[in-house]
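These notes concern the structure reproduced below.
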2 protein chains.
Amino acid sequence: MGEFALIGQITARLPQGAGVALGPGDDAAVIAAPDGRTVVTTDMLIEGRHFRRDWSSARDVGRKAAAQNLADVAAMGARPTAVTVALGAPGDLEAAWVLELADGVRAECGDVGASVIGGDTVGSEAIVVAVTALGDLEGRDPVPRSGARAGDVVALCGRLGWSEAGLQLLLEGQHVPEEVVQAHRSPQVPYSAGPQAADLGATAMCDVSDGLLADLGHIAEASSVQIGVDVSALEVADPVREAARLLQADPISWVLTGGEDNALVATFPAGTVLPDAWRVIGGVETGSGVLVDSTSYAGRAGYDHFS
Amino acid sequence: MGEFALIGQITARLPQGAGVALGPGDDAAVIAAPDGRTVVTTDMLIEGRHFRRDWSSARDVGRKAAAQNLADVAAMGARPTAVTVALGAPGDLEAAWVLELADGVRAECGDVGASVIGGDTVGSEAIVVAVTALGDLEGRDPVPRSGARAGDVVALCGRLGWSEAGLQLLLEGQHVPEEVVQAHRSPQVPYSAGPQAADLGATAMCDVSDGLLADLGHIAEASSVQIGVDVSALEVADPVREAARLLQADPISWVLTGGEDNALVATFPAGTVLPDAWRVIGGVETGSGVLVDSTSYAGRAGYDHFS
């Protein structure tokens, strides 16, 4: 299938939402920005480094590529509105794989009401997927990483340790518990919690893509504060615990340092009444860095991709 | 240099314009969209396919990657406001090359007053540069490819054949005339002519990235019209003519089918008084396809990358 025929098949699969003034097929697309500002973020995924075709379906890869970017938009307190996708692909890649990838991007965007409004396809040796996501603040102030203040509470919404558990299982050739393996293939992101946190007065927020301690470290550094995490407040979900048992690993280290679950972590003024989906996991003090149960964390804080 | 140190050095080089509400360094950036709509486009460049490091400096590659996207924004009738850049790079690529690339992107954006507001860096085998550009319509209607009507004139602003001449010289190991070689490395795009054409009532517009006949073919197809080009109205610039003489090639074929100069071509209602920068090169009639001097063009209409 030629490039133009393939693009035609892709765009035919992409329903355009109400905010799309001009969809794919022109030099550029036009999307509504009713707030008068646009939130923008971009991420690139490379085959062999961010995903493996023997581990993940094209649909999983599409979902994950979209999710990473949509989560970044949500972490600003915005509602995702649109994405563009640039795809580099080897000439012998089956058209069906590309169409499934597009289906995955569309499905993840559909979960938040965003449209896939443009893209590019080029030839390359390895598969490369670059997604850019846009969002609408709907009148909210963006929630940066830099606004945490001493006295704030730290709260979490979403999963931690799932993707890391799935990755470690896959690295050992294991495929159960299936929930965590699937979580590594594509995350379940609590998108609506981002605007919710902004409405609740969150002072700082980011999504947990590098690992809880690493991402809290970004907030601590940008805000010039110290952040403390209480391990007893962290939930270790049953399938994460089961994976750790199978691999004789420490599930708490996965929860503290595993990446790619795209949970949202935010700081709120003390006394903020938080909905059930948000769980207080620590607090903000004067100082610098991140402490776990009042001490430095001995393990590695960050998350490396598998290659 | 580690990834975070490199990102720090890159962002330190990126001045943020007045429309930037939040620049690089957070989960996402925030850019003003005063019109209430945002124009969005994305392109991916792959080393060995879209550029060669032995032919182009990192600065050239950065300029060209930005220019392709900024030209797409201008071709909608919009003013470019911001770009994001996702970079895949081998681990042994010198930091200096990456910083020069950033300088090139910044320089091209600076020419139009756009800011580099975000990005991503990942490891990859080949160098991959994915740019997304945003733009502001400033109250104009976007000029699509689909609005050309029988009776319109076809007008061109900018260079044609320069990049192709430069490419053919480089393929033969030649480096003069230097102007066309440099034009292949990074184009000179008439950005302001895009909003100007929209203000003048352009009915359809696109930038000439695939080649004049190919891109007019896109307008003809999207508008369900026939477009005729008068060869006598096309300018063959002196350095293009000189390159053709050196290579014993036909310069007119370069002008008709060479890509990557990012000229702007638009259709206007008959009688529109056009500024000097716009040259009438043909007309629109009922029918389909593109004719050159009233006949089908015998050569290849499209442009292929060099690999």
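Even glycines carry a Cβ here, placed using N, Cα and C.
Over in TrEMBL, the protein carries these features:
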BINDING   A:Asp27, A:Thr41, A:Asp72  Mg(2+) 4 binding site
BINDING   A:Asp27, A:Asp72, A:Asp207  Mg(2+) 3 binding site
BINDING   A:Thr42, A:Asp43, A:Asp120  Mg(2+) 1 binding site
BINDING   A:Asp43, A:Asp72  Mg(2+) 2 binding site
BINDING   A:His50, A:Glu260, A:Tyr303  substrate binding site
BINDING   A:Gly119, A:Asp120, A:Arg145, A:Ser209  ATP binding site
BINDING   A:Asp210  Mg(2+) 5 binding site
DOMAIN    A:25-135  domain 'PurM-like N-terminal'
Check the binding-site residues A:Asp43, A:Asp72, A:Asp210 for other C-beta atoms within 10 angstroms of each C-beta and report the one with the most.
A:Asp72
So which of these binding-site residues, A:Asp27, A:His50, A:Glu260, get their C-beta under 8 angstroms from chain B?
A:Asp27, A:His50
Three-state secondary structure, which DSSP defines for A:Asp72 (Mg(2+) 4 binding site):
helix
What Cα-Cα separation, expressed in whole Å, is found between A:Asp43 (Mg(2+) 1 binding site) and A:Asp72 (Mg(2+) 4 binding site)?
10
In terms of Cα spacing, which of the binding-site residues A:Asp27, A:His50, A:Asp72, A:Gly119, A:Asp120, A:Glu260 are within 10 angstroms of A:Asp207 (Mg(2+) 3 binding site)?
A:Asp72, A:Glu260
What Cα-Cα separation, expressed in whole Å, is found between A:Glu260 (substrate binding site) and A:Ser209 (ATP binding site)?
4
Among the binding-site residues listed here (A:Thr41, A:Asp72, A:Ser209), which has the Cα closest to the Cα of A:Asp120 (Mg(2+) 1 binding site)?
A:Thr41
How many other Cβ atoms sit within 10 Å of the Cβ of A:Arg145 (ATP binding site)?
22
Determine the Cβ neighbour count for A:Glu260 (substrate binding site): the number of other Cβ atoms within 10 Å of its Cβ.
25
Where among the binding-site residues A:Thr41, A:Thr42, A:Ser209 do you find the Cβ with the fewest other Cβ atoms within 10 Å?
A:Ser209
DSSP three-state assignment (helix, strand or coil) for A:Asp207 (Mg(2+) 3 binding site):
strand
